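A.B. asks: Structure in structure tokens, see below.
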Amino acid sequence: MVTTPRLVSLLLLLALCAAAAGALRLPPDASFPGAQAERLIRALNLLPKDSSSSSGRHGARVGEGNEDVAPGQLLERRVTLPGLPEGVADLGHHAGYYRLPNTHDARMFYFFFESRGKKEDPVVIWLTGGPGCSSELAVFYENGPFTIANNMSLVWNKFGWDKISNIIFVDQPTGTGFSYSSDDRDTRHDETGVSNDLYDFLQVFFKKHPEFIKNDFFITGESYAGHYIPAFASRVHQGNKKNEGTHINLKGFAIGNGLTDPAIQYKAYTDYALEMNLIQKADYERINKFIPPCEFAIKLCGTNGKASCMAAYMVCNTIFNSIMKLVGTKNYYDVRKECEGKLCYDFSNLEKFFGDKAVRQAIGVGDIEFVSCSTSVYQAMLTDWMRNLEVGIPALLEDGINVLIYAGEYDLICNWLGNSRWVHSMEWSGQKDFAKTAESSFLVDDAQAGVLKSHGALSFLKVHNAGHMVPMDQPKAALEMLRRFTQGKLKEAVPEEESSTTSFYAAM
């Protein structure tokens, strides 16, 4: 009998897992990632939904009058959302659908908010993670122009990132938010499909808005966007180098509390938990027995593909799940806080808001069901989860693309320690000098809002008094971070430019 190297590797992985399980039994949900996805979604007081089987998403058309859009084309409308104060003028707010080419029927939904300041402000795109969570979570709870009050009215966010940028929020991959397809074959499973879709969208977006094509362009996002963003940035950069289409003026990208290098970041879970007194030393030593099989599984994932990647997900998440069994009701997005019942945050107003017929009519989504976080997208991306996306970043740094990795200090799930470790271990020409660079205070209003380390094109910022969602927890510091980063002045305090538009918003 001939045994293939791949089979030998998988058998060895199973043996390692069995050995570890002798000291620490696998949690009952370790082999059921769908259960973990639902638990994470319900903690936000959102309803887990399977976007691939949602009848309201199949065959529906975009906008009033069953308007449709041809493949490779974009349908956009100016938007004034219900709930805004009366008498507010046209603010340059847009919503639209992009019909993805090279798909069977996929359509990508987005919001675009022009800057409250100058047309020349940078264009920024924001990607929410999950995978499978809508970027509208960021629009209304983090860094968008407004927040939703309990009476469903909209309140201006004086620290919205549209104050200093022309910002795009995209629902992706297909099946997230208002993005949908009538054909399950359009489901994405890896970063190649995701980044190609986003690149195609940008090409058509800038044709629709040629007045912004010369503006600096930055990619931002958080959580699983630590996977999306490096792949997307590489796709844009390669497209520019090969003159594939419209040149996109990519200047940099920023990842907040992201998952980028799982081998390093999963190993940091127990160190962070011990440092924050979430677990005891005996727990630390017991749970650490899962680290060798996790590392081995991730190595197999990088060479053997899908089956090994699924095994890596299940083995490695045993580390996180084991910690969570010990921390009780602690909020894994912000360990300073307690979850109330199953709820760690209450984002339910978002689903109520998008259930309003007037809102749906204003943004042109017709009868498409809103999926705040999709379990089907989450599960479709599982074989992508344990892949290392750090590998593409050094080439971008060498070509002068600025990179900012930032992390709120109280997040467990994508903690600052794991992010700091992969940033420091990344091999590039400035690695040694970056390691030797002294940390400096990141000051906002003359108070320390974080600790910054920066050399060349690479910066790492640990944000104080923040959890997983930095723009929600520290909105002013997050806005100031974006301002300085896009101006290439992270180490400096940048004066806020006053304009009539800024004054108008500040008064509201």
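Placement of Cβ uses the backbone N, Cα and C atoms for every residue, glycine included.
These came from Swiss-Prot, pasted as-is:
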type	residues	note
SIGNAL	1-19	signal peptide
REGION	48-67	region 'Disordered'
MOD_RES	Leu81	blocked amino end (Leu)
DISULFID	Cys133-Cys373	disulfide bond
DISULFID	Cys301-Cys316	disulfide bond
DISULFID	Cys339-Cys344	disulfide bond
BINDING	Cys414	substrate binding site
A.B. asks: Give me the Cα-Cα distance between Cys301 (disulfide bond) and Cys414 (substrate binding site), rounded to a whole Å.
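C.D. replies: A Cα-Cα distance of 20 Å.
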A.B. asks: Please identify, from the recorded positions Leu81, Cys133, Cys301, Cys344, Cys373, the residue with the sparsest Cβ neighbourhood, meaning fewest other Cβ atoms within 10 angstroms.
C.D. replies: Leu81
A.B. asks: Can you check what DSSP calls Cys373 (disulfide bond), collapsed to helix, strand or coil?
C.D. replies: strand
A.B. asks: Using a 10 Å radius around each Cβ and counting other Cβ atoms from all shown chains, which of the recorded positions Cys316, Cys339, Cys414 yields the largest count?
C.D. replies: Cys316
A.B. asks: How many Å lie between the Cα of Cys316 (disulfide bond) and the Cα of the residue listed as 'substrate binding site'?
C.D. replies: 14
A.B. asks: Cys339 (disulfide bond) to Cys373 (disulfide bond): how many Å between their Cα atoms?
C.D. replies: 19
A.B. asks: Take the C-alpha atoms of Cys373 (disulfide bond) and Cys414 (substrate binding site) and report the distance between them in angstrom, rounded.
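C.D. replies: That comes out at 18 Å between the alpha carbons.
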A.B. asks: Looking only at C-alpha atoms, tell me how far Cys344 (disulfide bond) is from Cys133 (disulfide bond), rounded to the nearest Å.
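C.D. replies: Distance between the two Cα atoms comes out at 16 Å.
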